[in-house]
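Chemist: First the structure, then my questions, so here it is.
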Amino acid sequence: MTLRLSRRAYAEMYGPTTGDRIRLADTELLIEVERDHTLYGEEVKFGGGKVIRDGMGQSQLPAADVADTVITNAVILDHWGIVKADIAIKHGRIAAIGKAGNPDIQPGVTIAIGAATEIIAGEGLIVTAGGIDTHIHFISPQQIDEALASGVTTMIGGGTGPATGTNATTCTPGPWHMERMLQAADGWPINLGFLGKGNASRPQPLVEQIEAGAIGLKLHEDWGTTPAAIDNCLTVADDTDTQVAIHTDTLNEAGFVEATVAAFKGRTIHTYHTEGAGGGHAPDILKVCGEANVLPSSTNPTRPYTINTLDEHLDMLMVCHHLDPSIAEDLAFAESRIRRETIAAEDILHDLGALSMLSSDSQAMGRVGEVIIRTWQTAHKMKVQRGALTGDGARNDNFRAKRYVAKYTINPALTHGIAHEVGSIEPGKWADLVLWEPAFFGVKPAMIIKGGMIAVAQMGDPNASIPTPQPVHYREMFATRGGALARTSLTFVSQLALDAGISARYGLAKRLVPVRGCRTVTKRDMIHNAWQPAIRVDPETYDVVADGALLTCEPAAVLPMAQRYFLF
């Protein structure tokens with residue numbers, strides 16, 4: 001005997017299925033479920049009178065043969081697709097994406113549930129991979145709380161605290177500081193990787209930082225990003241399979257953008273601040289988007305272009321780069337970096353996939369908890385102003401959604417050599433997952449899972465009789481306590497450091513994972529974000545032309561995912 005359910009009734013019970021559409025928060029973005037891995041009539045759901053009970057949806061198999069945790073009936077949004085499925089987690093990793101249940105009595109089961117299995121109800125929820133922020137100034141450890149609660153589960157950057165150097169540059173300089181920061185990483189329930197200072201004209205000062213545990217090196221103009229420093233840094237990176245991130249020369253003191261590109265010599269590099277106002281060669285740093293060896297990212301303070309963007313930036317810049325507004329030269333330096341035309345073009349270059357990544361620039365002009373919000377605000381603004389992307393139709397924005405989610409998940413992972421562990425929802429990867437109610441998508445996660453265990457969740461009064469009474473806010477869960485912390489989060493290091501035995505030497509508790517493949521990744525590998533246009537920026541008007549087309553758009557006066565979500 002079968003019962004035919006209406007689409008509405010089915011969605012309310014088991015979540016959306018193939019062909020159903022979901023609005024992302026209060027944006028104009030709609031995603032459509034492309035495939036449903038669960039079988040109609042054989043869905044599993046936990047609760048009183050539901051399916052996951054002994055002898056029904058729960059099998060008699062031992063712990064070794066069943067999932068540790070199953071997220072049931074979730075909608076997965078990732079660079080590779082938008083699907084409905086059950087997600088299995090085993091030993092802290094994603095074990096399978098498919099159909100959960102009892103293989104003894106149910107057809108099509110690819111994920112076995114047993115007495116050893118915990119259930120997280122994913123009905124009606126969207127699941128994304130944990131975000132990766134690759135532009136972190138480690139100024140204050142409290143940034144980690146903000147980032148984690150926003151859905152970011154991996155942070156890459158540099159610094160030592162609120163030192164003047166760290167306030168301006170993302171560098172953890174030298175072996176002593178590197179050791180201290182790696183020891184500090186043991187205390188935080190998030191994946192971390194640190195960049196050493198790359199500004200040196202001889203190899204030894206750089207190699208010793210890689211040996212100490214740096215996953216890469218950061219070249220910053222405030223330390224002198226000369227062609228000699230660039231060439232030396234990239235040579236060391238090639239020898240150690242680590243990445244180089246660069247903040248180029250705003251003042252064009254050591255050469256123009258062409259001189260910097262020439263110093264790259266075709267070698268892979270992650271260009272920070274490939275944007276309209278964040279820094280780097282003024283006014284034409286955007287030109288590097290067209291280089292095959294350049295992996296470009298921009299930061300969130302200019303995301304998206306709004307009526308308030310320009311006014312906000314001048315004061316931020318003066319503080320972050322230790323400038324004095326009473327000195328004419330300092331003021332001119334700041335004003336040269338803030339250009340409405342290039343900021344507007346940045347929106348469009350993101351939408352067309354020329355800019356491959358988006359990050360925060362935390363407490364150094366960017367907001368660490370707003371990478372995900374501002375990514376989707378940019379996607380919304382571009383849909384409203386530019387319409388559907390090629391590949392999307394009238395029914396959904398699936399391609400645009402895949403393009404934008406890739407900017408803070410898989411592409412940063414590929415760039416920094418950690419995609420074998422994180423960056424997407426795929427079997428074998430570390431189970432860093434973010435669960436969202438669609439109405440709060442991109443703004444306020446319902447739950448953040450780290451290494452297969454719940455790390456942060458919205459939780460009500462701990463003294464209440466049920467979990468939901470007010471005040472409901474983000475609270476750290478058991479994955480952040482005791483020995484579980486070190487077993488549910490990772491610290492990324494170089495292979496050179498791992499071979500040198502820094503784990504034992506520094507007394508580290510977290511698992512150390514080496515980065516790999518940093519030197520072979522190219523712009524072509526940036527998923528859904530690999531466009532290499534020929535860009536020209538007019539030195540007088542700052543107009544941006546890409547492949548012959550003028551890139552311009554109006555600033556937004558109103559944005560979604562904003563004040564209505566943050567009244568309290």
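Backbone N, Cα and C define each Cβ position, glycine as well.
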Chemist: Can you find which of K197, K218, K287, K429 Swiss-Prot lists as binding Ni(2+) 1 at the same site as H135, H137, D361?
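Modeler: Only hit among K197, K218, K287, K429 in Swiss-Prot's Ni(2+) 1 site, alongside H135, H137, D361: K218.
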Chemist: Looking at the Ni(2+) 2 binding annotation from Swiss-Prot, with K218, H247 already listed, which candidate in H273, H281 is the matching residue?
Modeler: H273
Chemist: Taking the Cβ of H273 (Ni(2+) 2 binding site) as reference, which residues of that chain separated by at least 6 in sequence fall under 8 Å from it?
Modeler: H247, T248, G279, G280, I285, S297, S298, T299, D361
Chemist: Tell me which residues of the chain lie with their Cβ under 8 angstroms from that of H220 (substrate binding site), as long as they are six or more apart in sequence?
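Modeler: A168, T169, T170, C171, K197, G198, N199, I246, H247 - these are the non-local Cβ neighbours of H220 (substrate binding site), listed in sequence order.
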Chemist: On the 0 to 100 pLDDT scale, where does the domain 'Urease' (130-568) sit on average?
Modeler: 95
Chemist: Quick check: with H135, H137, K218, D361 left out, which same-chain residues have Cβ atoms within 8 Å of the centroid of the Ni(2+) 1 site Cβ atoms?
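Modeler: Along the chain, the qualifying residues are I136, G157, G158, T169, T170, A245, H247, Y272, T299, S359, S360, S362, A364, G366.
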Chemist: Looking at Cβ-Cβ distances, which residues of the chain lie under 8 angstroms from H137 (Ni(2+) 1 binding site) while being 6 or more apart from it?
Modeler: G157, G158, G159, T166, N167, A168, T169, T170, D361, S362, Q363, A364
Chemist: What is the Cβ neighbour count of K218 (Ni(2+) 1 binding site) at a 10 Å cut-off, with all protein chains included?
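Modeler: The answer is 30.
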